[in-house]
Amino acid sequence: MCEEATSRLNNCHVCVGVFLLCCAFESTPFLFFYLTVEVRRLMSCSIFFTGYVLLHVACLLCLQVKHGDATLTQHLPEILFPWRSMIVKGDGTVRRVKRDWVIPPINVPENSRGQFPEDLVRIRSDRDKNWMLRYSVTGPGADQPPTGIFIINPISGQLSVTKPLDREHISNFHLRAHAVDLNGNQVENPIDIVINVIDQNDNRPEFTHTVFNGSVPEGSKPGSFVMTVTAVDKDDPKTANGMLRYKILSQNPQSPSSNMFTINNKTGDIITVAAGLDREVFTQYTLIVQATDMEGNPTYGLSNTATTVIRITDVNDNPPEFTTDTFSGDVDENRVNVIVANLTVTDKDQPHTQAWSAVYRIVAGDPTGRFSIPTDPTTNEGLLTVVKPINYEEKRSFMLMVEAQNEVPLARGIHLPRQPTVTVSVRILDVNESPEFSPNPKSIKLEEGLPAGSLLTTFTAQDPDRFMSQNVRYSKMYDPANWLQIDPFNGRISTIAILDRESPYVKNNQYNVTFMATDGDPAANGTGTLQIYLMDINDNAPHVFPPEVEMCEKPGPNAINITASDPDLSTNAGPFAFDLVGRPLDVRRNWTLSEYAQLRLQISSLSSGIYEVPIMITDSGNLPMSNTSHLRVKVCQCDHHGDCVDMERIIAAGLGTGAIIAILIGIIILLVLVLLFVMWMKRRDKERQAKQLLIDPEDDVRDNILKYDEEGGGEEDQDYDLSQLQQPDTLESECMKVGIRRLDERPLHHKHQYPLRSAAPHPGDIGEFIHEGLKAADNDPTAPPYDSLLVFDYEGSSSTAGSLSTLHSSSSCEDQEYDYLGDWGPRFRKLADLFGGGDD
């Protein structure tokens, strides 16, 4: 232990010598940190503790005298060795155990203007005394983006920065330092190095808007909030570089005070500080606001400005005021919905708002509500309008008291001594009014049948214009039956025709006539209606009803009941009295009329026809009226039910002229269809007959070739030399010729030539010809090994050739044996039977 203490003492002496040398060369701060690390060794020995303290105090005094405290904080430390600690074992030996490196954060100011690369710190391991070590750093800013900002000397461990740093871009870096040997083996645990970029005031404050817009109601009290302006600074907000202060530089306009607003220098809130904001005087204020960092220091801080526009909003602080004290107007009597006068007001509030729009109210002078005052939304004028008719004869003028208010009440704190009112005088003008009939309508009751020229009544009109001297003239406007006339001067009404209650113009015994009264210049017209109620008199004779009846030729037990009609009322109508007239004489001879108005035939029968029976009818009026009315009686033949059966009866039953025409048209259409069908059937029969002439063997005069069978033969057997079917008389005997070919072979020539045959060939000749052809076919060496039927000509049922059904192979020129064909198989056995003349 003493040896170790002696060694430490020697080291201490060395340290003192080096320290004094460094003080001479002004490099004491660097070695101070070196000593700070090395002196830990001295602390392990209590003998030298006092000396260490004295040495440390001496170093501090030297540093204070030489450079001051500022020089100490400006140099960066060098880390030479890692921390170590000692552990005393039980046998008294001391063992040092290495601990992890602990490095305080390194502060680097941004925007440095020094020479680069600029040294920051030197990192060393105590093992570099025994081995050659290599140092490196990793992390963002070293080997990760942004790369190349920090570098380290791999031999000395000197960490440097290569370019100026920007805190607003990256505020700190986290690196890791590594120490390895020449083989790349890690000799120390990696240590973390934190490099903080120290902020500098290199950014001006920036407002979030170039122009801020706010508003405040007019008349606001001091201390009312207006708006907030905001600025930002990219510098560190935790330092004075980023701490902003706000200030109002100017105000426009500077009335009523140059300091109408103030701003909170920290928050940017703008509030009012003086009263007197009046929108009607100034509608807005413009403020220039400044933001300064460094807590508003005008010497070192950076500043920026923005514009603030404060709009003064309107409140209802001005009532409407009439432009004059009185208004007047004229209006014609009996006119409605016309404007009498325009009431004009002024209002200093913002136009077309509720604080500006006026509401007019009549407070006096119109108890009956004949006027109203709507507001013109464009001009804000009050339109005095007549809503009920005014009679000049009743009232000639009005004096109205009108009040004007806004749609919303006045702002709080504004009181008026009285509401604005105005007087409106309205003069009613007299006009020529129409005469008025009284009463209207006028009703009178008369008996019908008054003769022309009878005076009925007087219907006059009164002129309501009492202050005008005018004459009234009368005329007739509506008289549908043209029964009446009126005297134009006195209004007397008389008849010009007989009044008839039964006229179609009379409805419910009442007849209406309209008259017109005219006065003044210009003329004014009035109308009146005269209602005449006509009482009935017996002035109409009765007539037989119905006017036509039917009766059978032979009288039956039943009679015809007849009655009468009378346009008069019931008191002057029925009951009626009926009687047959005596002329002509055959009336009473043929007919009889009972007291119950039943008409019967008096004779046994009456021929069919139309008879007119004159009947005398008398009504029951106070002065009875009689009339001879002719009854048309249709006498007809009747069925067992007693109903007429003639055509006229059928037509009368419902078949009118239109129905008969429709039936006739239907019958004509049906006949046309039948005719067309018959023509089509005839044409079809002709076509059928024409086809039969072409294919019927009985009627066809040409030859018809029939195919009896087609057992085979292929295409060679489909073309035949029909020329061989000519008259046998013109051909040589083919049986005598050598090399005869089959007659059913395809001919050597290309075109068939069919010779004409005689009209009546001998039947034997044809049979002989067929036998020769069959023989030639049997002897043909080129014939296929199967049978082929020959096609013969068919002459029809009237042919003299006889039947060909008896032909067989044995009738050829020479007899042949076909039994050998049976050895060829079933097919040829059948051929053998056919050509051998077998029964089959």
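In case you wondered, yes, glycine gets a Cβ from its N, Cα and C as well.
Listed in TrEMBL for this protein:
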- 16-35: transmembrane segment (TRANSMEM)
- 100-207: domain 'Cadherin' (DOMAIN)
- 208-322: domain 'Cadherin' (DOMAIN)
- 332-437: domain 'Cadherin' (DOMAIN)
- 438-544: domain 'Cadherin' (DOMAIN)
- 543-650: domain 'Cadherin' (DOMAIN)
- 650-681: transmembrane segment (TRANSMEM)
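Sorting the domain 'Cadherin' (208-322) by DSSP state (H, G, I as helix; E, B as strand; all else coil) yields 6 helix, 50 strand, 59 coil.
According to DSSP, the secondary structure content of the domain 'Cadherin' (332-437) in residues is 0 helix, 45 strand, 61 coil.
Broken down by DSSP into helix, strand and coil, the domain 'Cadherin' (438-544) contains 0 helix, 50 strand, 57 coil. Helix, strand and coil content of the domain 'Cadherin' (100-207), in residues and according to DSSP, is 4 helix, 46 strand, 58 coil.
Over the domain 'Cadherin' (543-650), the average per-residue pLDDT in this prediction is 72.
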